[in-house]
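Asks: The following feature annotations were taken from TrEMBL:
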ACT_SITE  E100  active site, nucleophile
ACT_SITE  E104  active site, proton donor
DOMAIN    1-194  domain 'GH16'
CARBOHYD  N108  N-linked glycosylation site
SIGNAL    1-24  signal peptide
Amino acid sequence: MSSLFSSALLLVLMFMTSLMAASALRFDKHVQYYWGSQFANVQSGKACTLSLYNSSGCGFQSYDGFLFGRFDVRIKLVPGNSAGTVTTYYISSSGPYHDEVDMEFLGNVTGQPYILHTNIFSNGVGGREQQFYLCWLVDDFPVRIFNNNEAIGVSFPNSQAMNVYSSIWCGDSWATQGGRIKTNWADSPFIASFRNLKANACKVSYGSTSCGSSAPLWQPVTLTDTIKKQLARAQNKHMIYNYCTDYGRFPQGFPAECYRPQFYQ
């Protein structure tokens, strides 16, 4: 299956629209509230809210695990003073050598933009952070890709089933201005809203990692000239951190994937 994705498999979107063939995931049937369930509010199965109090945050995960695909959701982030809060949407396997594709929305003081913090783990190894200011939301606006560089020894998340997760929690030790601004609990509860959760993806059943040979809408990923221009614009105008340019962090040389071109066949 991995041979079908020799190039840019992982395309992270700021805000995603649904596909006609996508399978809707109901918040009352297809996900479990694995943490702080008393602070989750399900609305007719099609929407839910996750709330953060001083005592706890909360989160949900899908019952099903997936290999390869597209995962869509509409998120309304915490309004107003959201400093110190972290709202997440990601896919992850379990265990110490897990795979994970991570999006974290870092709150800020009123009037200042959210930061989108992205990271990718493969076989338990992460440290591939990129951060972007969120100035507006545009459907299908891409901000990041992560190429399959297994040929040069870079681990790639293509063999472990991953569940869909979302959560809200307090990260004020680091999330807002390096931890300088703390969460104002007088403004709690901090509420994030989710709706239209969908998966157009290969579902793994009974531990099997075989997803068949048919080609759904998301396979293979094609980086059109328009997508390349959108990516370049997001990175040139809104990226505020890139691990591939952090000389202080990697004085002996950057990770191998940093030396490869972003777009290649």
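Cβ atoms are placed via backbone N, Cα and C, with glycine included.
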Asks: Taking the Cβ of the residue listed as 'N-linked glycosylation site' as reference, which residues of that chain separated by at least 6 in sequence fall under 8 Å from it?
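Replies: Sequence-distant Cβ neighbours: S82, A83, Y114, I115, T176, Q177, I181.
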Asks: With an 8 Å cut-off on Cβ-Cβ distance and a minimum sequence separation of at least 6, pull the same-chain contacts of E104 (active site, proton donor), or say none.
Replies: V86, T87, T88, Y90, L116, H117, T118, N119
Asks: What's the number of neighbouring CB atoms sitting within 10 A of the CB on the residue listed as 'active site, nucleophile'?
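Replies: The answer is 19.
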Asks: Helix, strand or coil at E104 (active site, proton donor), per DSSP?
Replies: strand
Asks: Averaged across the domain 'GH16' (1-194), what pLDDT does the model get? Just tell me the whole number, please.
Replies: 86
